[in-house]
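Reviewing the structure listed below.
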Amino acid sequence: MNPYILAILLFGLGLGTTITFASSHWLLAWMGLEMNTLAIIPLMAQHHHPRAVEATTKYFLIQAAAAATLLFASITNAWLTGQWEVQQITHPLPTTMITLALALKIGLAPLHAWLPEVLQGLDLTTGLILSTWQKLAPFALILQIQPSNSNTLIILGLASTLIGGWGGLNQTQLRKILAYSSIAHLGWMILILQFSPSITLLTLLTYLIMTSSTFLVFKLNKSTNINTLATSWAKAPALTALTPLILLSLGGLPPLTGFMPKWLILQELAKQGLAPTATLAALSALLSLYFYLRLSYAMTLTISPNNLLGTTPWRLPSTQLTFPLATSTTLTICLLPLTPAISALLTP
């Protein structure tokens, strides 16, 4: 892609998210989301592969439907209450419609079915943008409206953690596994949103760091399925030794960074008297942990001559910058001891 066009598209991506962050009016927020969608479409379709074009078409249709629902709900809210303020939304009907439209935008269960299919059709760089940056603008709106109907959020959260765990169990494609991992993590964020927005932000931040490092590892190894991952040990042995730690951090095992948000969320849910919800969420984390362990096993416990059946790829030197990977991997593995300091910073 022409670097000037790429720069314009990335600028549009950043501008769309920034407009949504800064807006207090529903029309402006909707406009930011639309700019965001339109900027990423050419990035998704840039390889002209039938799978990429199919994924782009699916993504466009889903995002257009979600944006139309959001616009309809905000107009309904203006008709019922006479104002367009994002934070002053009080009527339960538009609130629920907007919550569901934003859930469709970020891929929360049961509105998640498009996410694994779309992510599977993209290359790892665009997949990284879709899994991280594209979640920010809708999340900013969900945080602002603070939906009053608490049951909706708890149902969405629990459904996402369970489906995110179940869906990834029988997958061999890494992008689909990461899509289900994304659904499960978003479920944890939505579960705690109404009780502690600061913990939601912390979970979002750790999710962004962990997902970035996972995508960058796969990109460096040029891995898109478990078999190619299993042959990566000869290409980058040090990275292969660190990758299980990144994956187990995504699974939420101590003493890694990923344990911090899960620990705080379960603690807060127990404080709110929602012990059954906390138990169900913790059990669903075990489902996700299974497929992270499966990836770790394929990567580090099947060293030759016990390789999985698969062809060894060409080991060409990578042109990828290693600084972002080094930074995100360090943060993914080492942040747990800073939990008290981070909690103190996030507490209002």
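For all residues, glycine too, the Cβ spot is worked out from N, Cα and C.
Note that this is a predicted model, so its numbers are computed, not measured.
Now, the feature entries from TrEMBL:
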DOMAIN    23-285  domain 'NADH:quinone oxidoreductase/Mrp antiporter transmembrane'
DOMAIN    289-342  domain 'NADH dehydrogenase subunit 2 C-terminal'
TRANSMEM  60-80  transmembrane segment
TRANSMEM  92-115  transmembrane segment
TRANSMEM  153-170  transmembrane segment
TRANSMEM  177-195  transmembrane segment
TRANSMEM  201-221  transmembrane segment
TRANSMEM  233-253  transmembrane segment
TRANSMEM  273-293  transmembrane segment
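For the transmembrane segment (92-115), the most Cβ-contacting stretch among 60-80, 153-170, 177-195, 201-221, 273-293 is 60-80 (pairs under 8 Å). Note on the transmembrane segment (201-221): residues 124-125, 127-128, 131-132, 135, 139, 143, 174, 178, 181-182, 185-186, 188-189, 192, 228-229, 232, 235-236, 239, 243, 246-247, 249-250, 257-258, 260-261, 264-265, 318, 320, 322, 324-325, 328-329, 331-332, 335, 342-343, 346 of its chain, located 6 or more positions outside it, place their CB under 8 angstroms from a CB of the stretch. On the 0 to 100 pLDDT scale, the domain 'NADH dehydrogenase subunit 2 C-terminal' (289-342) averages 82 in this prediction.
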